[in-house]
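Visitor: Pulled these features from Swiss-Prot for this protein:
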type     : residues                   : note
BINDING  : Tyr34, Cys54, Cys57, His58 : heme binding site
SIGNAL   : 1-33                       : signal peptide
TRANSMEM : 284-303                    : transmembrane segment
Amino acid sequence: MKNTFSWIKKEITRSISLSLMIYIITRTSISNAYPIFAQQGYENPREATGRIVCANCHLANKPVDIEVPQAVLPDTVFEAVVRIPYDRQVKQVLANGKKGGLNVGAVLILPEGFELAPPARISPEMKERIGNPSFQSYRPTKKNILVIGPVPGQKYSEITFPILSPDPATNKDVHFLKYPIYVGGNRGRGQIYPDGSKSNNTVYNATAAGIVSKIIRKEKGGYEITITDASDGRQVVDIIPSGPELLVSEGESIKLDQPLTSNPNVGGFGQGDAEVVLQDPLRVQGLLFFLASVILAQIFLVLKKKQFEKVQLSEMNF
């Protein structure tokens, strides 16, 4: 009886350990793949050259647009609208080799002091325009750099960021100046992972010249292509994942770096910039006072002119 209980206890412990291991592996896999690879490998998403690092993985160049107010007052919430246009009818190759809708993502690089507006400061009208996307800071110490994605492109090809402007009265590092804002936006999956390996959303080239002596279609998708050097019989096997369409056939002579597959990528990355002026309220008040003074001066001038004309008219009648 004691041995039976001991055996049951051992099996339960083994099952719990196995379940925990599977959970950890699965959890790690998900976290490594979602959402922003750039956060894992780069301290700052914008290089000294001005290039945003997302372009290292998303090789195709596509447009992106950003719209912000020309000027904002301190300690106010405004909208930065990022548009990531693409053809809604196209499908991309997913990680499992099947076709699916495109996802989108964006990184917004704000000036120091600007940050994501807290929910309590966002008006109901703005909340309705924003929807319910999940924004996050690029780093806990970099609240001025915001990222989102991947999110469904059908719903979020236009992303509205609620931004809180800083107040120079409380933040001495901020001044009433014109500031640049940078944005990067992608649609679809990348072609290269941060470790340099290829995804299945890109073209695969021959790693050797020779004759395609054998093509094996793998059970779970993809191909093994054996290339034989005609001069010495040396063989090289190129592994093609599920997704790209095969372009070569057995017996075909190929060159080094010749495409073995089509390029399935239908997405791409783009970057842009805009400018916003942090406006001094006193300057605005001064401008309004000046305009009011000009308008009043014009009114008095018109009244004085009419009064003068009346005097002239009365003298002529006299």
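Note: Cβ is positioned from N, Cα and C throughout, glycine not excepted.
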Visitor: Using a 10 Å cut-off on CB atoms, tell me which of the binding-site residues Cys54, Cys57 is the least crowded.
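Guide: Looking at the binding-site residues Cys54, Cys57, the Cβ with the fewest others within 10 Å is that of Cys57.
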Visitor: Including all protein chains shown, what's the count of other C-beta atoms within 10 A of the C-beta of His58 (heme binding site)?
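Guide: So the Cβ neighbour count for His58 (heme binding site) comes to 26.
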